[in-house]
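Q: Before we start, here is the structure in question, set down as structure tokens.
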Amino acid sequence: PLRYCVVNPWCCVFLLIHLFVCVFVCLWCFPDVDECAEGSDDCHIDALCQNTAKSYNCICKQGYKGDGKACEDMDECENDYNGGCVHECINIPGNYRCTCYDGFMLAHDGHNCLDVDECMDNNGGCQQVCVNTMGSYECLCTHGFFLSDNQHTCIHRSDEGMNCMNKDHGCAHICREAPGKGGVSCECRPGFELAKNQKDCTLTCNYGNGGCQHSCDDTDTGPICGCHQKYALHSDSKTCIETCAVNNGGCDRTCKDTATGVRCSCPVGFTLQPDGKTCKDIDECLENNGGCDHFCRNTVGSFECSCQKGHKLLTDERTCQGQ
């Protein structure tokens, strides 16, 4: 238990001897009261109480700010960094969490968002061909068929008349017959806009995040993709890849930029972990005693051999020889 001590001045007066003797001989010591254990502290409910001699300290918990007597939640999502989330950041008491747009799933790092391949599950519901895209997917039909209004089933094309059953109606997405006019009109799926030719459909950020992995901005010529601060835009202008220029690419040690992102590596004596980022020390002593004759001691990034009493280590730093 903690104790606090004070010097008895009267003792020092009567002793009339050297100061250090006075200090060590004439101390009054008292047991400390642990206000934290007793619950007599006035720390905030979101603070930690730390006992000290004669007093205590209040420290706000992680995710909170204040002097310990008053603590308030820190909104990690407020800063320009968006809490590190590439899509949406949701503040919660004492913490935050990242979520992804539809068509994406949260990566293992809890911040990045990765495309979901909808075609892997029941062919995406497509009757014939399913094509995965960034943040979404689309159904296609084989030769002689066209996609129905539900954008999943395929209808056999007709060569007769100008109607929606005709293979030459020209609509990129949805074909509507114009009653009494003997013609057709075209419409687009949600998230697309009808082009000036009234047939083609232009993608917007409202559908599959515009094909962008991270951020999407609508322009007159279509969506333009951007990336979170930790990433760089890939040559496909849609995908975001980590770069060594920012936070060393997340690598513990050596980082190398490649066409598909960063590649982490570790120095001799370390091994790269399954996360592809972290380096862990190799305990060389676990395998064949590190090659040491007698004793092997693991060190960070290496190991050392030593010998029993009466032996000396030779220059190869492995072999022991009797003296």
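Note that Cβ sites are derived from N, Cα and C of the backbone, with glycine treated the same way.
The following feature annotations were taken from TrEMBL:
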TRANSMEM  6-30  transmembrane segment
DOMAIN    32-72  domain 'EGF-like'
Q: Summarise the model's confidence over the domain 'EGF-like' (32-72) as a mean pLDDT value.
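A: That stretch averages a pLDDT of 92.
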Q: What counts of helix, strand and coil residues does DSSP assign across the domain 'EGF-like' (32-72)?
A: 4 helix, 17 strand, 20 coil
